[in-house]
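All remarks here apply to the structure that follows.
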Amino acid sequence: MNGQGDLDAVGNIPKPGEAEGDEIDMINDMSGVNDQDGGRMRRTHRRTAYQTQELENFYMENPHPTEEQRYELGQRLNMGVNQVKNWFQNKRNLEKINNDHLENVTLREEHDRLLATQDQLRSAMLRSLCNICGKATNCGDTEYEVQKLMAENANLEREIDQFNSRYLSRPKQRMVSTSEQAPSSSSNPGINATPVLDFSGGTRTSEKETSIFLNLAITALRELITLGEVDCPFWMIDPIVRSKGVSKIYEKYRSSFNNVTKPPGQIVEASRAKGLVPMTCVTLVKTLMDTGKWVNVFAPIVPVASTHKVIPTGSGGTKSGSLQQIQAEFQVISPLVPKRKVTFIRYCKEIRQGLWVVVDVTPTQNPTLLPYGCSKRLPSGLIIDDLSNGYSQVTWIEQAEYNESHIHQLYQPLIGYGIGLGAKRWLATLQRHCESLSTLSSTNLTEISPGLSAKGATEIVKLAQRMTLNYYRGITSPSVDKWQKIQVENVAQNMSFMIRKNVNEPGELTGIVLSASTSVWLPVNQHTLFAFISHLSFRHEWDILTNDTTMEETIRIQKAKRHVNIISLLKIVNNGMLVLQEIWNDASGAMVVYAPVETNSIELVKRGENSDSVKFLPSGFSIVPDGVNGSYHRGNTGGGCLLTFGLQILVGINPTAALIQGTVKSVETLMAHTIVKIKSALDLQT
């Protein structure tokens, strides 16, 4: 197809190492160091964030590279062989120290928990009364029990001291054995008796419930740390479909923990991803422990969430040790995938200075078949290591159990292989948000376009964010929204329709709004399809707004440096109509969202006026790899993709009027025609 050069310019991600600048690793290489006067002077080596990321990625796969592998890695990263060798040695030594420290912290937490339990039992015995006479029972027996508990406590303290002296002086490779990491739920009756979480309005949990939740959270934290280890034996990479092997090895992993077998029909997905995030460790933890900020950062995945705190924030203003109950909905932008409703507890812990763990887990009773749209969140979360340069190294682990029969066959590979709601999508979404914050804060917004103030640029960014959120909701319909699904006779396959009746709502058109969406499979990779849809030169080939004319870009706000993430104000040449658009393309997928906007309103926004009153109806495309034949893990250069097209249109100005079925049919025809035009332009079989 002509214009392939244009496609590459839009679709490709910048080459590695072109952004972010240099950083100083926490582990300094000692090779090539200039020694003067007997070694009194040494200099450290600076490495780029890309070099560090590549070394970390290789270390996850093989912490003990051969001499040939070290040479090849050094050639590729422009580093000396000794530098590479010493980096791996230092990395292994640091990991041993961290593992020993993690185990020490875990045992101390267990010790503190046992002490608290002993205190509760002692108090209960001292306050015990006779059931017949109502008087205090004999204190002699109570005193004996107290002395027994004190003796047990002394034994525990001696075991802790022995552990400290033994392991702090002699590091060991692995933290603890697999059986110690996640004890069987059957061995702890308190876990099986976990009460149903209450989100009815802030009812405080009892001390018993809090103790149960805390015990479950600590167990989940240990399991997460085990899964985050570089040489964890439970992760397996399939050379054909790299994530497919995870499920197989995961079954072995769950059985090794002696957990209760999942009911028939349930599917378990598990995935792990690691990468750099341009945000400090403390800021990231605060974001995760604040539900409002968490939803804002992960808006493409989490449309709604509510929190009920169990244990308040720790002393000194930190959040280490905080425990929350959270109820949320997770989404894939498609009408063919139901929202995943999940209830879980979130626990965060500072293992050492600059190293945090945030873990989620769903309290479960006896295993039952999950109802429609619901799922269990198995131990999932983040291990966050602050790099002291504004970046954090994040290891993200996602595990879930759900009923696969609720998901359309087109999306079962995407979800089942840990792609649709897997660790890589969560991490890529976080990286995109943080990079956007970093890029916008360092950009001189007044230089973007003549007549556009810095406040105006900020308002346009805010307006684009609202537009994109409305596009999501028009497809997935979160429980807090007013969208109502409607049934239409003889509707095309995989087509969904919803209506919303607006009455004088700010930023909304008054009347009946119809939202239509559909998802289709196309035999083309994500980057090629995104490049075609997002490029203005090809817009007339599928967009009815252009009416065989062209569009030009009047404002362009670059939200990221390494990936495509752009907000634009477009102008249709023949009629002057303005269209607000946001596009992005990264490891989590691709998105093109746009909406016509009224000229006078947008001019006020450009001068810095509040954008909340601007009214629009968004449309757009969501693109993800199909998850088949490894297309997702080969950088989307092969295989097919899943395209979701969403459209919102005002079908009546009277919100109380009845919906005309003929209007719905017209919209259905319009959407089908758009899909056919895209296939035809890409020379795909229709």
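Cβ coordinates come from backbone N, Cα and C, glycine included.
Checking TrEMBL for region 'Disordered' across the ranges 75-106, 171-202 points to 171-202. Range with TrEMBL annotation region 'Disordered', chosen from 1-24, 49-72, 385-408, is 1-24.
In TrEMBL, the coiled coil annotation falls on 139-166 of the listed ranges 139-166, 251-278, 419-446, 615-642. Summarising model confidence by region, the domain 'START' (206-439) averages a pLDDT of 82. Helix, strand and coil counts from DSSP across the domain 'Homeobox' (38-98) read 42 helix, 2 strand, 17 coil.
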